[in-house]
Amino acid sequence: MEEELRNLIKVWISALISISYCYYISSKISKGVLRLLSLLPIFIIFLLLPLFFSSVHFCVISGFFFTWLANFKLFLFAFDQEPLSPLPSNLTRFFCFACFPIKINKNPSSNRIHNKPMSKWVLAFKLLIFSFLLHVYRNNYDSGLSRFAFLALFTIHVYLEAELILAFVGALMSMLLGCEMEPVFNDPYLATSLQEFWSRRWNLMVPAVLRPAVHIPVQRFCAPLLGLHRAFYAGMLATFIVSGLMHELIYFYVIRKSPTWEVTCFFLLHGVVTCLEIAMKRMRWLPTPHRAVSGLAITLFLLVTAGWLFYPQMLRNDVHKRVISECLLVID
């Protein structure tokens, strides 16, 4: 563990130096290909940083923060696009917005229904559920639970841990920068469609960077060839494929084995089904089901496809056991 902490310090120092180069040097280069070329060494560094770690949590967090979000944000920065353009007023703000999954709430006083900050009562309830899961893990979960029951519990674990970590990061950045941040999760268990789940409820920082970096460019490129409607679906499929490839990369950081492409197939499948879902809504082939029915259908589809394609590589390499042991180590 001491070696991991030393590596953690080295990684964040490397990230700070890299972002300083982007802020003080790359920002002075005219936007476009030249600035993109100046950022290539940083892309490579951020691609390598997660390899310094051996723990699952540090690999996943560094892979998500640096290899995924920071690299895509810097790619957009090369062409003067948000969130790093216009250039923040100081290095601290540039570093935080580049390396952390945060987004300023531009309408903090508006009375919004969707994507509200997590209340203290909801936070306490989710912490209680997470504590219960850790209690279950302590009592020989692997011999007392069926595979489906364990995957259902582990899915809740993944969601709660991801939301709690990112909520903590958001609160910390909010205090440091003096501005309100938008929540990264928006009650994904209330989704009534795949489109709603992936674009408006689950890990909202991912669509926030993939939409301008992948979806819109692919849609614009394909529009003259396929027409506007088909180009929209092409952009959506490309976004899901890129998301699948990034998950494969994070799996590689954790497992250090060649990809099996199951995770990419998971996201490709969800991309295809989401496109079909949107097409059916536009054509109004079927009446809109009740929210309870559609919500249950989406939950079952997510659980079944995750058990089929998302989790097998993780289970074969005992990643779930490493995740659980690391969680239990922290609270012991």
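Note that Cβ sites are derived from N, Cα and C of the backbone, with glycine treated the same way.
The feature transmembrane segment is assigned by TrEMBL to 7-26, 32-53, 60-79, 118-137, 149-177, 231-254, 261-280, 292-311. Residues annotated as domain 'Wax synthase' in TrEMBL: 182-268.
Long-range neighbours of the transmembrane segment (118-137) within the same chain, counting only residues 6 or more positions beyond its ends whose Cβ lies under 8 Å from a Cβ of the stretch, are 145, 153, 156-157, 160-161, 163-164, 167, 183, 324, 327-328, 331. Residue counts for the domain 'Wax synthase' (182-268) under DSSP, helix first, then strand, then coil, are 68 helix, 0 strand, 19 coil. As a quick check, the transmembrane segment (231-254) and the transmembrane segment (149-177) miss the bar of 3 or more Cβ pairs under 8 A, pairs 6 or more apart, so the two do not touch. Comparison of 7-26, 60-79, 149-177, 261-280 by number of C-beta pairs under 8 angstroms to the transmembrane segment (32-53) places 60-79 first. On the 0 to 100 pLDDT scale, the domain 'Wax synthase' (182-268) averages 95 in the predicted structure. If you look at the transmembrane segment (292-311), the same-chain residues 6 or more away from its ends with a CB under 8 A from one of its CBs are 147-148, 151-152, 154-155, 189-194, 197, 262-263, 265-266, 269-270, 273, 320.
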